[in-house]
Amino acid sequence: MEPSPTTGGSETTRLVGPRDRGGAGGGLRLKSLFTEAPEPLPEEPKPVEMSFHHCHRDPLPQPGLTPERMQAQRQLCTACAVCCVFMAGEVVGGYLAHSLAIMTDAAHLLADVGSMMGSLFSLWLSTRPATRTMTFGWHRSETLGALASVVSLWMVTGILLYLAFIRLLHSDYHIEGGAMLLTASIAVCANLLMAFVLHQAGPPHSHGSRGAEYAPLEEGSGEPLPLGNTSVRAAFVHVLGDLLQSLGVLIASILIYFKPQYKAADPISTFLFSICALGSTAPTLRDVLRVLMEGTPRSVSFEPVRDTLLSVPGVRAIHELHLWSLTFTHYVASAHLAIDSTADPEAVLAEATSRLHSRFGFSSCTLQVEQYQPEMAQCLRCQEPPQA
């Protein structure tokens with residue numbers, strides 16, 4: 001058979017007779033594959049661009065030694081080494097000077113060493129990946145380490161306050177003013193060095209995403225979030241409290257060196273500056289408890305988030321709105337959005353997620369879209385929580 005043209009421009013086939021055979025062999029005359037241009041291949045379909053949204057603006061803290069964690073480890077290791085050296089010196093100096101204030105400062109340095117070692121352990125533990133049991137990973141171990149640091153300082157300070165009170169009641173003690181002055185001067189230098197090591201500058205400049213160790217501002221709030229690694233921040237505040245106490249001990253040692261009869265300055269300085277150390281750790285303790293109690297992040301208010309979700313086109317009501325922190329710098333939100341029957345659920349979900357990410361910096365958002373029902377207005381579980 002061979003194709004034959006028709007008037008319609010299509011091809012038909014007919015039987016090939018003997019007279020159409022060419023050559024001695026009488027084979028079939030086939031249409032050559034090379035006499036006509038090959039038909040063009042069909043074009044591959046172009047990918048269709050679709051609007052895409054996801055529930056994560058930035059990933060939650062990833063397991064492994066990130067640059068921020070490596071920097072925190074270096075800072076804590078260096079400060080811990082400095083602290084150990086000068087703590088040993090203060091123990092010797094305090095013993096030789098018979099100074100309770102110097103021993104108090106040494107005890108605070110001991111608490112610093114313990115808290116820094118605990119922070120290093122919790123920092124290492126936080127690098128472990130999430131599991132089916134620990135679905136958020138071990139990131140909160142860092143917060144627990146900060147809590148242990150504050151609690152240890154408060155316990156040691158309470159003991160030293162008691163000893164200072166006993167010395168104020170009984171004056172049967174002697175203090176070597178020269179040894180106390182020398183040791184106090186070294187202690188001030190040691191605390192200044194540790195504060196310099198642990199000091200954290202502002203967040204590095206970054207394009208496109210927010211760093212792992214800081215969070216953006218809430219739109220219109222003007223209040224920045226806590227900066228820096230949690231463990232380093234707690235250790236830095238801890239050292240600042242010790243620095244204040246060391247300065248007080250230095251002033252007391254100068255007074256005792258020139259006026260030995262004023263030896264009561266030793267327990268008095270211990271009493272006053274221990275209270276300052278307690279007060280300096282109160283903000284850290286407050287922030288830690290807020291995270292552990294699943295409280296609303298300090299830089300995010302409930303009302304602006306609620307109003308932002310209600311302003312999304314198609315949203316009639318919201319309920320089950322929960323805002324909490326996984327760490328000091330990673331916020332999580334969840335809510336139920338009740339929408340009109342004519343609203344597009346996917347469009348509402350995409351717009352609401354985008355607004356939460358861009359305006360408040362939530363790391364993860366879980367939103368459930370459902371049809372609005374009139375009985376929601378009377379449901380107790382659909383009402384807003386009262387003011388604290």
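From the backbone N, Cα and C atoms, a Cβ is placed for every residue, glycine too.
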Same-side flag (membrane), SER99 vs PRO260, source Swiss-Prot: yes
Helix, strand and coil counts within the topological domain 'Lumenal' (167-177) (DSSP): 4 helix, 0 strand, 7 coil
Neighbourhood of HIS238 (Zn(2+) binding site), C-beta criterion under 8 angstroms, separation at least six: ALA111, ASP112, SER115, SER149, VAL150, LEU153, THR281
Cβ-centroid neighbours of Zn(2+) site HIS108, ASP112, HIS238, ASP242, 8 Å, sequence order: CYS83, LEU109, ALA111, SER115, LEU153, ASN191, VAL239, GLY241, ALA277
Highest-contact recorded stretch vs the transmembrane segment (178-198), from 76-96, 106-126, 146-166, 236-256, 265-285, CB pairs under 8 Å: 236-256
Contact call for the transmembrane segment (146-166) against the transmembrane segment (265-285), three or more Cβ pairs under 8 Å: yes
For the topological domain 'Cytoplasmic' (127-145), residues assigned helix / strand / coil by DSSP: 6 helix, 0 strand, 13 coil
